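Novice: When I checked TrEMBL for this same protein, it listed these features:
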type	residues	note
REGION	25-55	region 'Disordered'
COMPBIAS	30-44	compositional bias 'Low complexity'
COMPBIAS	45-55	compositional bias 'Polar residues'
COILED	80-107	coiled coil
REGION	109-147	region 'Disordered'
COMPBIAS	109-123	compositional bias 'Basic and acidic residues'
Amino acid sequence: MRYLRIIGMIAFFAASSACYAEDSASKNDSASSTTTEKSAAKGANSATTTKEATQQEHAAFLRRLAVCSKLREVATSTNNRELQNYVEKLEDRAAELYQQKLKAISMADMDKREKEANAEAKKSSAKATPDVRYAPNGRPIRQEANQ
């Protein structure tokens with residue numbers, strides 16, 4: 001009973017950590033972040049980064065579900081109700097993690113868009129506001145049209 005639980009936990013975490021090991025090995029840069037939350041929080045560039053991060057998280061979620069389905073097969077073949085309950089908890093945990101990661105990615109993307117919009121608004125408002133001169137008492141001086 002406990003042996004199967006341990007095997008299941010090892011398989012679940014090995015699959016999730018293998019995802020991060022593949023990412024870091026493919027980048028060949030130890031300084032670069034290996035999690036999509038960090039790369040999304042940095043706001044690397046454009047919507048393609050968000051799309052890639054979402055695809056990576058989806059692939060990780062599918063790998064976790066594949067591990068859970070294998071464990072479920074073992075549980076049903078051995079009629080182990082305790083392992084079946086544990087698999088259900090693992091599936092719920094994987095779904096929660098997936099939702100959290102997607103939310104973090106979308107929030108980082110929204111923050112980036114908001115910052116870009118604010119920067120654009122500042123640029124346009126700086127052009128739109130006329131030069132205002134102030135008198136020594138702090139009141140604005142009216143600018144009359146050139147005569």
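Even glycines carry a Cβ here, placed using N, Cα and C.
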Novice: Sort the residues of the compositional bias 'Basic and acidic residues' (109-123) into helix, strand and coil with DSSP and give the three counts.
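Specialist: Residue counts for the compositional bias 'Basic and acidic residues' (109-123) by secondary structure: 15 helix, 0 strand, 0 coil.
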Novice: Average pLDDT across the coiled coil (80-107)?
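Specialist: Taking every residue in the coiled coil (80-107) and averaging pLDDT yields 93.
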